[in-house]
Amino acid sequence: MFTDANADKIVFLNFVSYFDSVLNVSAIVSKFTSSTEDCQFLCMTTLNCLSVNVAIGSDLSEGRHLCQLLNTTKNSKRDDDFKPSDTFHHFTTIVSPCFSQPCQRGGTCHQDYGMETFTCQCVHGREGKLCEIGTGWSKVNINGSVCFGVRDDSYGNVTVQVTGKVITAKLVHVSGSVANSRAADGGNWGNPRSRQIRTVITSDANEVLLPHNYTAYEPYTLEGYASMSPELVFPNASEPASVPRGMGFRIWFVEDLGNYSEQDNSGESCVDMFLFYV
Ligand SMILES: [Ca+2]
Ligand SMILES: [Ca+2]
């Protein structure tokens, strides 16, 4: 819990609190809950719930508080629907724009709760609203990690956010594992007992881009890395390539890409993909 910088509101989880206030509209659901947090949780798990009124006083027999789930917010209603109250506190959900991690290249997102906007605090050498200007690693998948499977064309999709010149890419393992046969254990990028790597990056036309000079759809070795490495950093290209916003990349397990020996595979790995801008 922390206090909003510009108001006397207190932010708990992703709710803004308005004590001794009520939004006087019809509830989509009214229930008794044991605490304000339980009421907020009920709202978060109820479709269309955008705010709640929670009774200050409890039901004397049960010790529970009336919880009204509302499908609107004070900002979307007439002013006279939102009023001081002796009997209710009001809490409004905020959909934080920081949840989608908009700040690139290690920038830190700061939510402005009053305005429901954000600012990016960029690391040294980066600038721009999203820290998109400057050189260095930039995460391409900004809405959570990207997962790829091992059979039936279950590649992972990544879309470029920032136009620029790129010299290489890296994949950082986040979760999961992939196995290339029933007998093999799962690894980050392939069989953990092998140095060989079975994960590649292609264009959205399935042309293999990384590793470079890769033609057969086969496991490969990458100097300094193996199938359990936490990340794969591909060697720099001989010269930078132009990468436009909107360009698609795919992350593939090689047997799935080559359509061989894929039906005995299992698992899924989830990764972050970064491009190095120059
Ligand atoms: Ca396939
Ligand atoms: Ca196989």
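Each Cβ is built from the backbone N, Cα and C atoms, and glycine gets one as well.
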Among Cys122, Cys147, find the residue that TrEMBL gives as the disulfide bond partner of Cys131.
Cys122
Cys103 has a disulfide partner in TrEMBL; which of Cys67, Cys120 is it?
Cys120
Measure the Cβ-based neighbour count of Cys122 (disulfide bond), defined as the other Cβ atoms within 10 Å of its Cβ.
21
Specify the count of other C-beta atoms within 10 Å of the C-beta of Cys120 (disulfide bond).
21
DSSP on Cys120 (disulfide bond), three-state: which is it?
strand
